[in-house]
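Peer 1: I have a structure here, written as C-alpha cells, and I will follow up with some questions on it.
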Amino acid sequence: MTVQMEYEKDVKVAALDGKKIAVIGYGSQGHAHAQNLRDSGRDVIIGVRPGKSFDKAKEDGFDTYTVTEATKLADVIMILAPDEIQQELYEAEIAPNLEAGNAVGFAHGFNIHFEFIKVPADVDVFMCAPKGPGHLVRRTYEEGFGVPALYAVYQDATGNAKNIAMDWCKGVGAARVGLLETTYKEETEEDLFGEQAVLCGGLTALIEAGFEVLTEAGYAPELAYFEVLHEMKLIVDLIYEGGFKKMRQSISNTAEYGDYVSGPRVITEQVKENMKAVLADIQNGKFANDFVNDYKAGRPKLTAYREQAANLEIEKVGAELRKAMPFVGKNDDDAFKIYN
C-alpha cells in the first residue's frame with residue numbers, strides 16, 4: 001500500500017484555534033512539541049509532576065501545572081511521558097478529569113494499540129509522531145523547516161480528530177516537510193520492529209559481533225573499533241542522503257564488490273526468519289507485556305541489560321578512543337537533556 005505525502009497546504013482546518021493545549025511531560029518530545037506549538041501561536045500549558053521537568057518548563061516560560069490541573073484546564077491533552085509510565089499517569093491523573101469532546105494525543109501508539117490505556121468513547125484520540133528525536137524537532141523548526149511526521153486517528157468522537165491531528169503536526173513544523181497518514185497499529189508495530197530488528201537491536205548486535213570476530217582473530221581492538229563502529233556513521237550518512245545507490249557510488253569498487261558477495265552471507269534467510277519472530281512477538285503483544293511487567297517489577301531486566309552493555313569491551317575501547325577525538329559527540333548536546 002502506498003501513502004500520499006501531505007504538506008501545510010493540505011491542512012485545511014485550524015482545528016487548534018481557540019483550544020487550550022496541555023502537553024503532559026516535558027522531556028525530549030514534550031519540550032519540542034510545546035515550544036514549537038507556542039511559537040506557532042497556540043495556547044500551550046504544561047502538565048508535569050514536580051521535579052526537574054516542572055522547573056525546566058517554568059524556566060522556559062510556560063504556565064506549568066500538575067498533570068491533574070493541566071488536564072482540567074485543557075481541551076486537547078498530548079501525553080508525551082515515557083511509554084512505561086503513561087498507563088499509571090493516565091489512570092490516576094488524566095482519566096478522572098477528561099470531559100466529553102476533549103482530544104487526547106500521543107506521539108507513539110504503544111499504550112493505545114496494546115490497550116494499556118482505554119479512552120472514553122466520547123473523547124477523540126489522535127497521534128502526531130515526528131520521525132526524529134525531540135531536540136531535532138525543535139532545532140529544525142527554529143531553522144525554518146521541520147521533521148516529517150506520521151499522524152493517525154484511533155477514535156473520532158467529535159468528527160474533528162483528523163483535523164486536530166493534522167493541525168498539531170502543522171504546529172510542530174512537520175507539515176513543512178511532509179506528513180504521512182497511518183494507523184495506531186501500523187505505527188506502533190513498525191516502529192517497534194524498526195528499533196528492535198534494525199536501528200537499535202539489530203545494529204548494535206551486528207557491530208558487537210563484528211568487533212568480537214576481529215578481536216578474537218587477534219586484531220587490535222582499537223583498529224577493530226574503527227572498522228566496525230566509527231566508520232558506520234560515514235556509511236549511514238551516505239545511505240540517508242541518497243539510498244544504497246549513493247553509498248555504493250561513494251565507496252571503492254572493492255568495498256562494493258564485497259558488499260554484494262558477503263552481505264547475504266551475514267544476513268541470511270535464517271536471520272530474516274529471526275526478524276519475523278521478533279515481529280510476531282511485537283504483533284501478539286508479548287514484547288509490550290514483557291516491557292511493562294519489567295517496569296512494574298522495578299526494571300530488574302532492563303537494569304541487568306544496561307549493566308551488561310556498559311561492560312562490553314567495545315564500549316571501553318570506544319570511550320578511550322573518543323577522548324582523542326574531541327570533534328566526536330559535540331553536536332546536539334540537547335539530545336541528552338531529558339527532563340525527568
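The backbone N, Cα and C atoms fix where each Cβ goes, glycine too.
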Peer 1: Can you pick which of G132, G134, G144, G146 Swiss-Prot lists for the same NADP(+) site as Y26, G27, S28, Q29, R49, S53, D83, E84, I85, Q86?
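Peer 2: NADP(+) site check in Swiss-Prot: besides Y26, G27, S28, Q29, R49, S53, D83, E84, I85, Q86, the record includes G134 out of G132, G134, G144, G146.
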Peer 1: If you draw a 10 Å sphere around the Cβ of S252 (substrate binding site), how many other Cβ atoms fall inside it, taking every protein chain shown into account?
Peer 2: 8
Peer 1: Among the binding-site residues D83, D191, E195, E227, E231, whose Cβ has the fewest other Cβ atoms within 10 Å?
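Peer 2: Fewest other Cβ atoms within 10 Å, among the binding-site residues D83, D191, E195, E227, E231, is found for E231.
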Peer 1: In which DSSP state, out of helix, strand and coil, do we find H108 (active site)?
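Peer 2: H108 (active site) sits in coil per DSSP, no helix or strand.
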Peer 1: Counting across all protein chains present, how many other Cβ atoms fall within 10 Å of the Cβ of R49 (NADP(+) binding site)?
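Peer 2: For R49 (NADP(+) binding site), the 10 Å Cβ neighbour count is 16.
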Peer 1: In the domain 'KARI C-terminal knotted' (183-328), how many residues does DSSP put in helix, strand and coil?
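Peer 2: Taking the domain 'KARI C-terminal knotted' (183-328) as a whole: 123 helix, 0 strand, 23 coil.
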